[in-house]
Amino acid sequence: MMASSLLFHTFIDGFFPLRFPSHDSSCLLVHRGHFPPSSFPSNRHHIVPSAQSSPVFINSSNCTLLGDEEPSLEMYNRWIRDRCRAGDIDEAMALLSQMEAKGFIPSPLSYSCLMESLGALGRTSECELLFLEMSILGIRPPLRLFNVLLRGFLRKGQLGLSCRLLAVMDALGIHKNRESFEILLDYYVSAGRLDDTWSIINKMRRQGFELTSYVYSRVIGIYRDNGMWKKAIAIVIDIKEMGMLPDHHIYNAVIDSFGKHGELSEALEVFEKMKQEGVTPNVNTWNSLIRWHCKAGDLGMAVDLLTSMQVQGLCPDPKIFTTIISRLGEQGKWDLIRENFQYMKHRGHEDSGAIYAVLVDIYGQYGRFQDPKECICALKSEGLQPSTSIYCLLANAYAQQGLWEQTLKVLQLMEEDGIEPNLIMLNVLINAFGVAGKYLEALSIYHHMEEIGISADVVTYSTLMKAFIRARKFEKVPQIYKEMEAGGCTPDRKARQLLETALTVLEQKNG
């Protein structure tokens, strides 16, 4: 056990030195209490421990004290877990700061709840810090927290950090479980790395993990993304020969494969076969069919599918709303848009209907765009309190049109509501500037992210590269690509394609 502990601390010392130069526990709250510039006000209530500091407690129904009662360690731990379950991670982090300021040490369960909540939101930097705190306190993180970090690193394309994390797991004798392997599988499929995908599958076989329909669906997905859709279909035949009945994972992967390669009639045939076999289409099934019919220009079928989906009691991803509204709006079919909106309201999809209505306002009738503030007010008047995801959705709707001023306004409204801008929102803003041809402004957002301590991910770099290509600043693309690699992000298929495009143009210019 002693050797294992030393090994773990050796890993921590090598893992965090650039981010957190001091491992003194008295500095931990200072690091966690990082305040962004005034343009990005934080709604957290961190405090730094000192002889003079006094905790200021969160106004929460779960954090009420009677009289002069002092909160106990058990109370703090319970409040933190309750706040995490309620989705109030900022309040949970504030409570953590307060309890540590009083000299209390959180329980392993509290750390787990915090890290899992932060990981689900993509806030991996804070996950890393909590991971560090646990190690300093001698708490050995369980496998599920290694998986939280692994997923967070890979979502940001930080393959190098992920490999180091896996190496430490091996050295500590912490064996990967099915979730670990599936996290790696998702990453390699998304990055288009066929050989690495098969390597993970073979490791799963050697370690006795049964290959599920989910695993096979990811294999189908990587064949699809590499243009080998016939091989993808062959996988389905192999599955049937093994006696495995296709479920929604398999059917969705096959439908998406046909759709991506323009074989829409085949996609619909598989859809019908799916229903005949007693497999109920889920939201992903409908979204895939609607998306590919929109892309093919068959808006009539896309709207029919949207209507059928709602008849089944399902509501599409708001991104699908954006796609349909924009395509119908381009053709001036506003009556059809309003008809669909009314149908949604009658079907009882109130929240989604409100979002749909606001998106209609964003795209506007006949080229007229509403002010973002009016859109947010419209949402609130429908009784829907905008969340981070809704703000990102609205900002993206403007960004896709190159309306950078409106996109920036959404960001400001988000801050006024006390919601801290996240990586997704800043990526959307980079895209808005890029679409508008304002590559210098896009670059300034990237530099601002560095200043406030938000780590760029693969999407950030790819979006910035695309902005330079749109502005015909091809010579800047290789530079951003190198920064992506230097920042620990492993380029995905899209990033490699953008680099190849830029290098081809530069070669033609030089030739």
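Quick reminder: no glycine exception, Cβ is built from N, Cα and C everywhere.
Predicted automatically and left uncurated, TrEMBL annotations should be read as such.
Here's what TrEMBL has on this protein:
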| type | residues | note |
| --- | --- | --- |
| REPEAT | 72-106 | repeat 'PPR' |
| DOMAIN | 89-207 | domain 'PROP1-like PPR' |
| REPEAT | 107-141 | repeat 'PPR' |
| REPEAT | 177-211 | repeat 'PPR' |
| REPEAT | 212-246 | repeat 'PPR' |
| REPEAT | 247-281 | repeat 'PPR' |
| REPEAT | 282-316 | repeat 'PPR' |
| REPEAT | 387-421 | repeat 'PPR' |
| REPEAT | 422-456 | repeat 'PPR' |
| REPEAT | 457-491 | repeat 'PPR' |
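Counting residues 6+ beyond its ends, the repeat 'PPR' (212-246) has Cβ neighbours under 8 Å at 182, 185-186, 188-189, 192-194, 197, 201, 204, 252-254, 256-258, 260-261, 263, 274, 277, 279, 493 in the same chain. For the repeat 'PPR' (72-106), residue counts in helix, strand and coil come to 26 helix, 0 strand, 9 coil, using DSSP. Mean pLDDT of the predicted structure over the repeat 'PPR' (282-316): 85. According to DSSP, the repeat 'PPR' (212-246) comprises 26 helix, 0 strand, 9 coil.
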